[in-house]
Structure formats: structure tokens, C-alpha cells
Amino acid sequence: MDGRWGILGYGQMGQSLVRPWLDSGCLQREQVVACVRDQGRAAALYRQDGVAVGIDLRPVLTADHLVLACKPQQLPTVLETRAALDPPPQEGQGLVISILAGVSLGRLQAAFPQRPCVRAIPNIACRIRAGLTGLAMAAGASPQHRELATAMFAVLGQVEQVSEAQMDAFLALAASGPALVAVMMEALADGGVAAGLLRSQANTVAQVMVAGSTALLQKEQWSPSALKEAVCSPGGTSIAAVAELERRSFRAALMDAVLAAQRRCRELG
């Protein structure tokens, strides 16, 4: 990809984007400039990744393209700092890509009125290029802008074009979902330990079982209910386990967890 890319915020999610972009050859190190709040952390990240990392906002704003990867609560402070820069920087004219939960395209376009804005919701598996990203484009974005944004995130995994009205729901499932799966896997492993497995065995079994089940769903193009039916024989162990989950309202608890994530996303905006 051509041009310089400014990364505003270089925490877990910023790194989950930039590192695979670098490893894949999509971007070269000299194309990336990042901004963090702490000088000591900036130096450590420079040594680790070999990209320009500092505490000055100006180089990030003047890059051709801008990725907003700070915490959504920090955006007002960032915009205030930007407005106070004297002299004002000659900002880039390329994409503004925001991965900030709850920050609407309207807010982005108001802050960057001369630039095409994109909302992106990537999940943490992007760091190993097995991620899922939802993209919503502002009205002023051209087909070329959509193509560039899609190409950047396709390097990191699957890309879904999503309407902005769906973005909070997408975040709740795709981006918060890995935490729900992790809690479920941890609980399954705990159950294995309670049943008599060693902790190391239980953790391995839970991880391999979930990975294999997902691979089977994808290969056979089954729905989750089809997989459940394939495993649950009449009067067997699996249907007994499923019945216990139903008695404990497991299904409703997961649905409520997704809706809670959606509500929190809206609060952040």
C-alpha cells in the first residue's frame, strides 16, 4: 500500500493491526508513524516494532492516512490537542479509519470534514490474520476509498460490509465475542478438572474441541443447531449436558451478554 499511515494510539488493538500489516508486507516500517501518551512506552515500542513511535500528534496528523486506535473516551482530548496546535499542521487528505467503539461516522466527519471517513470494527484475532472486521463507509467515501479500506483489513482476515446502524451490534458479537468464548472455554476446562482431568489436559481439550467444532461448521456449512443435532443422540450424554444448560438459562445469558456489550458501545459514543 502506498503513502504514510499515522496510527493514533498504539495499544493492543493498534498493534493488532500494524504488526500483521508489517509482517505481511502490506506496509513497510518507514510508512508507519504512531503516537502514544507516554515517552517511555514510545521508546519501548520503537525498539520492539521498528516503527516511528512518539508522543507528538503532529506527525500522525500529517501522514497521508490516519487510523484512530485510541480509547473512545480519549477522542475529545485528542481533538482539543489537535485544535490547539500552532501552527496548525498540514493534515493528510487520505482515509480516516476509526476503530473507536461507539463513535459515529457523523462525529468523525464533523471532526475531519475534508477527508473520507471509515468506521472499522476489527476483533483481536486480526493479530494472527484470522480476524473479522466490519466496515461502514461515510457517504462521501468513493469506491476507491472503500476498496483501499477493504484491502487493508482483508490482510487481517475476513471483512464484512456493515451499515452504520448495525455497527454496535457487530461490535458486540464480533469484537466482544472472543471474551465470551474465552469465559466459556475456561468454564468448560473447569468442568473437565471437576470431572477428573488434569488442568493442562482440560485446557488443551477445551481449546482443541472448540477449534475443531468451528472448523467442522465451516467445512460442512452446518448451522450450530445442525452440529448440536449431530452430537446429541437420544438418551445420551450430550443431550443431558444440553438439557442442563437449558435449565440454567445458558442461551439467554449469552444473548443478554451480547446486548449488554451493545448498550455499552452506545454509551461510549
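Using the three backbone atoms N, Cα and C, a Cβ is placed for every residue, glycine included.
Going by TrEMBL, these are the annotated features:
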BINDING   Leu8, Gly9, Tyr10, Gly11, Gln12, Met13, Ala69, Cys70, Lys71, Pro72  NADP(+) binding site
DOMAIN    6-102  domain 'Pyrroline-5-carboxylate reductase catalytic N-terminal'
DOMAIN    164-268  domain 'Pyrroline-5-carboxylate reductase dimerisation'
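Per DSSP, the secondary structure of the domain 'Pyrroline-5-carboxylate reductase catalytic N-terminal' (6-102) breaks down as 44 helix, 17 strand, 36 coil.
Remark: secondary structure over the domain 'Pyrroline-5-carboxylate reductase dimerisation' (164-268) totals 91 helix, 0 strand, 14 coil, with classes taken from DSSP.
Residue environment of Tyr10 (NADP(+) binding site) contains 25 other Cβ atoms, counted within 10 Å of its Cβ in all protein chains. With Leu8, Gly9, Tyr10, Gly11, Gln12, Met13, Ala69, Cys70, Lys71, Pro72 listed as the residues that bind NADP(+), the site has a largest C-alpha separation of 14 Å. Neighbour density for Leu8 (NADP(+) binding site): within 10 A of its CB lie 25 other CB atoms from the protein chains shown. Within 8 Å of the Cβ centroid of the NADP(+) site, not counting the listed residues Leu8, Gly9, Tyr10, Gly11, Gln12, Met13, Ala69, Cys70, Lys71, Pro72, the chain contributes Gly14, Leu68, Gln74, Ile99, Leu100. Long-range Cβ contacts of Gln12 (NADP(+) binding site) within its own chain (separation 6+, distance under 8 Å): Ile124.
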